[in-house]
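S.K.: Straight from Swiss-Prot, here's the annotation block:
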type: BINDING; residues: 227-235, 418-423, Asp496, Arg511, Arg624; note: ATP binding site
type: COMPBIAS; residues: 1-14; note: compositional bias 'Basic and acidic residues'
type: REGION; residues: 1-20; note: region 'Disordered'
Amino acid sequence: MTQEKKAEDPDRGMDTTSAAPRLWSTHCDGEVLLRLSKHGPGHETPMTIPELFQESVERFGAYPALASKNGKKWDTLTFSQYYDVCRKAARSLIKLGLQRFHGVGILGFNSVEWVVAALGAILAGGLCVGIYATNSAEACQYVIKQANVNVLIVENDQQLQKILSIPPDKMETVKAIVQYRLPLMENSTNLYSWQDFMELGNAIPNIQLDRVILSQKANQCAVIIYTSGTTGSPKGVMLSHDNITWTAGAMAREIELIHVSGKQDTIVSYLPLSHIAAQLMDIWIPIKVGVLTFFAQPDALRGTLVYTLQEVKPTYFLGVPRVWEKMQDTIKENVAKSSNLRKKAFAWAKMLGLKVNTKKMLGKRDIPMNYRMAKALVFTKVRTSLGLDNCHTFFSGASPLSQDVSEFFLSLDIPIGEIYGMTECSGPHTVSCKSIYRVLSCGKVLNGCKNMLYKQNKDGVGEVCMWGRHVFMGYLGKEDATLEVLDEDGWLHSGDIGRLDSHDFLYITGRIKEVLITAGGENIWPIPIETLVKEKIPIISHAMLVGDKAKFLSMLLTLKCETDQMSGEPLDKLNLEAISFCQMLGSQAVTVSDILKIRDPVVYTAIQYGIDIVNQQAVSDSHRIRKWIILEKDFSIQGGELGPTSKLKRDLITQKYKAQIDNMYSS
């Protein structure tokens, strides 16, 4: 029986014979059965990442591929140069003793060197292993050991010192460390600058590298992505060559990224490449369809992203909800400072924009004459101010986008399509874009993939399960964890609860692991309640519902604050929107401390008023928020409360603020 015939039917069950590959493996050198369809999408010929790269060079060789800022100018590499420099890096990695299916750990902000190290690792027969720049030394050590990392590529001395603080006996697999930015401050054997590292491979003949490349198979592991560990310890998600190459092609088709001679799409890389969403959008799709990737500055998320966007003017853009929320805040602050006439024009244009774009979303194309005026007066100016004036496709991913933010941008002629998925399905499972769009929906299933709602209730709500060539190989070294998410028929269980409408649009309603079960046995999904609180109370930055096994629900709140431009840490000072909110109420507060010190009565009353509105919409008494507390500091990645894509780390927050939570239930 061929692999195709075995894998085409998701109801067939696992292949349990030892002679043939199974649908899953937990070994880094394992091979899996590819889930090819009989025909159509999902039936494409499997290819390795080196084969994809070679095809890209043949098609786009002279086009620019990567661009990085050097002073005031951008240095670029063409696709041909990109491939050559990756081969050079691969030979250097072989020279350093990189073993087959062992990791190359990359620790630092997005850069040309990050991507070259990733591709170099794969060409050399190793595994690309991204390590979050915000990881502690202990977290780095866990990844190094688990992924058998042979070579570490670090950004700067700060990251180097983090690695050097790990006892050598905890890094026995590491043979060399390379620093790719800033001069080396240390001098020891097996420690190299990027320039010296790139010359090491000159002694390795090209034919030796070619043999390694030719020996690779599409059903073998190429990339390990570590889950950010919002619950429990991180797991190494093994993605095969086919996972990457097929998903990149399927996603590019879905979002209509097609290379046209003489035109080139562009993207700005700023979300951590250790995360699958950024890696797919910034590395793999660009190789597949010839996109030019610009690298933002390391402080992009601390305020400089907008300047890069204004300079580069990308044609498609992916933001996590927190990025879109920050953009929304900026627009609101600018409008608040404008004249009354401009405020009226903005409000009029928004009202018209929401009406027209909602109709467009439903397939109606009748555009009123005054829409052009709204576009000229408001929409074009907003896009230009954000650096998105050349952008044809806008996305949000990693966590749900609120209705408030989605409709705000829709009203400004910026329809944000949501991408739903997980690391374990190579990133996307459903996609919502300008041609497949509904507010609050995650769109439709990626062409060539299958969706199932497991254990549906009477309302058609069940656990989202996935099947297709995007489904991962398994968790590295964790068979029990792998079999928890892959059932006996090979379906990937997401842990997310969702429903499909009559047009097959998927809506996610909650996450099984995040559900709060009250003392009375009620199941409460926190995200809809938290989202509503943030919508109704403009001063709130983060809201986290608590009350598992408790008699009633309580909530932790943080206020919108300025952030330190250097560290990214939230400051005590309120941001402009929060200060305007206070002034509107008659409060003189300009810091969080000002509000907490005197339990500012007008601010507390306004927050309680917003909570009351949320409670009025509760489906039952058990869904109402009884108590709440304002924390002294906003949540942040640096503070540990948020993951790398700004998701709430609920377990950690619950532990960190245990005293405050206990106090709400004891008082």
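The backbone N, Cα and C atoms fix where each Cβ goes, glycine too.
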S.K.: Three-state secondary structure of Glu418 (ATP binding site) from DSSP?
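M.R.: Note: Glu418 (ATP binding site) is in a strand by DSSP.
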S.K.: Counting across all protein chains present, how many other Cβ atoms fall within 10 Å of the Cβ of Glu418 (ATP binding site)?
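M.R.: Other Cβ atoms found within 10 Å: 25.
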S.K.: Count the other Cβ atoms sitting within 10 Å of the Cβ of Gly421 (ATP binding site), across every protein chain shown.
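M.R.: Result for Gly421 (ATP binding site): 27 other Cβ atoms within 10 Å.
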S.K.: Give the three-state DSSP assignment (helix, strand or coil) for Asp496 (ATP binding site).
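M.R.: In the DSSP reduction, Asp496 (ATP binding site) maps to strand.
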S.K.: Within 10 Å of its Cβ, which one of these binding-site residues (Thr227, Ser233) has the largest number of other Cβ atoms?
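M.R.: Counting Cβ neighbours within 10 Å, the top one is Thr227.
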S.K.: Using all protein chains in view, find how many other C-beta atoms are within 10 Å of the C-beta of Asp496 (ATP binding site).
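M.R.: Result for Asp496 (ATP binding site): 22 other Cβ atoms within 10 Å.
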